[in-house]
Each structure stands twice: as structure tokens, then as C-alpha cells.
Amino acid sequence: MTDILAVAREQVLVRGEGLDQDQTLQVLQLPDDRLDDLLALAHEVRMAWCGPDVEVEGIISLKTGGCPEDCHFCSQSGLFASPVRSAWLDIPSLVEAAKQTAKTGATEFCIVAAVRGPDERLLAQVAAGIEAIRNEVDIQIACSLGMLTQDQVERLSEMGVHRYNHNLETARSFFTNVVTTHSWEERWDTLQMVREAGMEVCCGGILGMGETLEQRAEFAANLAELDPHEVPLNFLNPRPGTPFGDLEVLPASEALKAVAAFRLALPRTMLRFAGGREITLGDLGAKQGILGGINAVIVGNYLTTLGRPAEADLQLLDDLQMPIKALNATL
């Protein structure tokens, strides 16, 4: 049997063609003693097809908690006995968060809300927030506001939203084990409308929710079909009071194999370290990930969990001589 890393070197590194679902599964099934070779190849692919720059992003929760959906990993669902309570962020605080994010060298600031989809009040708050940020901060603005209608997509585009995040979360075949209050197809439809409106598509998910390696490979293939600009990779950080609160944290070696496998399946895509990497990988794993296919990071804290200090990530990038991607858009 031909070694999958030899195949990947020719197919992905040389020709720039991502691995298919079966090939990605073979990568995920590699023994731990092949991990270093796998990470080295994924890093070569990232450097060849994406370059050395790392995009830095900050995120902020405009509306926290009280969500009517039942995403089993999420402490912001109003259906679970989690400690997160519903709250709104005021515009001055939103602007200050954008300023602090820009000071890290970040080029992207994502406004997030825990909702099924935005209502008029939320859209008005987003519009006011974007206008206020643009008046004071030189940064690109992304949004993550749940599922959208065609009208809402167009309005966000008109507001100047640069990129829209809506995660598929997991493989299509596993989705009903994670969410029952809406469908995978509804999420997919929103992403297609976002693309058609000219916004960049940001779509990833969470690894370690009980999916099989086969489903992890399926998820990579789902994303390859979607072909988003960016894929954020989260690792489950089990939240008390949620249906997934008692799941085990993904082993670090398994998480790193997934990072590298997704890079080999998506050679030209921005692959971002997102939530859960602190408890799954720790400091050493963060370095291995950035040298194993990752080319974007979220700095600072996440929506309901603490992240690594921004200074730690920025120092790591400096130590590794990875330049931070510069802001080059006209805002």
C-alpha cells in the first residue's frame, strides 16, 4: 500500500490538490509515531500555498446567552442549565474592544451574537456598532449572527461586513447528534447566500464531540466542497450544564493530526486556531499547530471561555518568525 504521506506530498504539496475524504481518513488514522512527519508536511503545504503570514483576529459577544437553539456544546443555549445568562454589550464597549483588538496587530474583528438568527433590534445594534467602529478603528469587520434570510444577507453586505462566520460545526451525518432545533442544510443555505452577496465565507466547526474519524474526514470533505475563505477549528471544551459537559477532552495527538489533515484537505484555505486549543493542546501544542498547518489565530478570550493571553500568541509568532498579516483593505 502506498504511504499516504508520500501521496500527499505529490498531490497536495506539489500540485496543490487537496486530499479527498478517503485519503483524509488515512491521515487521521496514522499512528502517533508518524505525527512529526505529518505536521512537517502540513507546514510545508501551508507555506507553499498560503505563505508565511498569519492572520490575527479578535472576537466579541454583542449578545450573550439566551439562545433558543439546542447546540449541545454551547453554554449560551437558554435550554440548558448552564451558568451563562443573557446580556447585551453597549456600543462604547464594542468600540473599545475593537480598539484593543487592533492594538494586537489584528486585521479582523468579529461581532458575534447568540441567536438563531438576527431580529430587527440586533441588526440595528450591529449597524450602529459597525458605524461607530469605522469612525474610530482601522480594522475589518466580520459578523456571526446565526442563520440569515436573503434580505438580512444583503443588509449586512451593505453595512460593509467583510466576512461572515457560520459554522457547520460537524459532518453532515453527525449533525443531528449535536443540534436538533435546526438542520445542517439551513446552515449550508445561509453560507451560499453569504458567498453570493460577495462577503467572504468563514465556516468551520468543533472537533471532539463524539464524532468518529470517518465523520471527521467527512467534515473535511464537506468543507472542501463549500470552499470557504476561512476554516476556524475549535476543540470541545466541555461546558458544565450542557449535554456535552461530561465528554472527555480530545487527546492532543489526535487534535494535531486533525489540524494537519484539514490542511492537507484544504491546502489554500485560511485555517484558524479557535476555541478549546488551550486545554486540548497547551502551549507546546499551540506551537506544533502553527508549525503543522495553522495560519490564523483568534487572540484573547472567546465568547464564554478564556483564551491564551494575546501577548503569548504574538510572542509565539515572533519567536517562530511568522509575520502577522497586514491590513490591506480600504475601509
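Note: Cβ is positioned from N, Cα and C throughout, glycine not excepted.
What Swiss-Prot says about this protein:
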- Cys67, Cys71, Cys74: [4Fe-4S] cluster binding site (BINDING)
- Cys110, Cys143, Cys202, Arg272: [2Fe-2S] cluster binding site (BINDING)
- 52-277: domain 'Radical SAM core' (DOMAIN)
Query raised in the report: Near Arg272 ([2Fe-2S] cluster binding site), which residues of its chain come within a Cβ-Cβ distance under 8 Å, counting only those 6 or more away in sequence?
Result: Glu55, Glu57, Gly204, Glu230, Val231, Pro232, Leu233, Ile294, Asn295, Ala296, Val297, Ile298
Query raised in the report: Just how many other Cβ atoms lie inside 10 Å of the Cβ on Cys110 ([2Fe-2S] cluster binding site)?
Result: 24
Query - Residues close to [2Fe-2S] cluster site centre defined by Cys110, Cys143, Cys202, Arg272, Cβ within 8 Å - result: Glu57, Ile59, Glu108, Ala142, Ser144, Arg163, Tyr164, Asn165, Glu230, Pro232
Report summary line: Counting across all protein chains, other CB atoms within 10 angstroms of the CB of Cys202 ([2Fe-2S] cluster binding site) number 27
Query raised in the report: Distance between Cys110 ([2Fe-2S] cluster binding site) and Cys71 ([4Fe-4S] cluster binding site) at the Cα atoms, whole Å?
Result: 20
Query raised in the report: How many Å lie between the Cα of Cys202 ([2Fe-2S] cluster binding site) and the Cα of Cys74 ([4Fe-4S] cluster binding site)?
Result: 19
Report task. Write out the long-range same-chain contacts of Cys71 ([4Fe-4S] cluster binding site), meaning residues 6 or more apart in sequence whose Cβ is under 8 Å from its Cβ. Result -> Ser77, Glu169, Val178, Val179
Query raised in the report: To the nearest whole angstrom, what is the C-alpha distance linking Cys67 ([4Fe-4S] cluster binding site) and Cys143 ([2Fe-2S] cluster binding site)?
Result: 17
Report task. May I ask which residues of the same chain, at least 6 positions away in sequence, place their Cβ under 8 angstroms from the Cβ of Cys143 ([2Fe-2S] cluster binding site)? Result -> Cys110, Ile111, Val112, Val126, Leu156, Val161, Arg163, Tyr164, Asn165
Query raised in the report: With every protein chain in view, how many other Cβ atoms are within 10 Å of the Cβ of Cys74 ([4Fe-4S] cluster binding site)?
Result: 25
